[in-house]
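Beneath this line is the structure, given in structure tokens, with notes to follow.
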């Protein structure tokens, strides 16, 4: 399975002017934990890091430190996540038939989640890892007056990985560029073309590290995970 990792996000909500994936989590950059999960995944065989050129030396140093056994390539990103994933798709090896796309900021995803998602592509054209929404959601207007309350049983919070068959995803991206569509994830492109996208159950701990509070929570989760795995080898040891 081929894995693309968009890794160009800035840390403005972290109060930082640099790539947030360079921030440290338990002694390693955020991106390191994503890469270690991919390394420990049974299914992942190829990894593409999509980032800005200014970060390439940092990621090269990180890769030398981690000494991963799987091939990892650097792919120059675009101005938006959508453009970056498009560039990533063009850089896939010719034999790639399926792809997982996983945000580098979701650095607590486990190898088991990656494997479960890879297996889902035996059955689906496209899918999104997601978890059921726990909170009651309110729809509001521009004045913050509540307009409605959706049925919570039908609401899922989208995560990554998202996975797709490569050929239809490339077609979706090409049409999106032609039509000028701007979307926040790849599943939305599938949806615009009425292609089926399914849900694969994600992980509650698979949070996206965006704010200082997220980073603090991630530290606690990772510390517990490391303690639990302290007697084993592999991811998290």
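Using N, Cα and C of the backbone, Cβ positions are placed for all residues, glycine too.
Remember, it's a predicted structure, so these values are computed and weren't measured experimentally.
Pulled from Swiss-Prot, these are the features on record:
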SITE      13  site 'Transition state stabilizer'
SITE      20  site 'Transition state stabilizer'
SITE      152  site 'Positions MEP for the nucleophilic attack'
SITE      208  site 'Positions MEP for the nucleophilic attack'
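Close to residue 208 (site 'Positions MEP for the nucleophilic attack') in the fold, though at least 6 residues off in sequence, lie 103, 105, 106, 159, 214, each with a CB less than 8 Å from its CB.
Look at residue 208 (site 'Positions MEP for the nucleophilic attack'): DSSP puts it in coil. Taking only the Cα positions, the spacing between residue 152 (site 'Positions MEP for the nucleophilic attack') and residue 20 (site 'Transition state stabilizer') is 32 angstrom. Taking the recorded sites 20, 152 in turn and counting surrounding C-beta atoms within 10 angstroms, the largest count is reached at 20.
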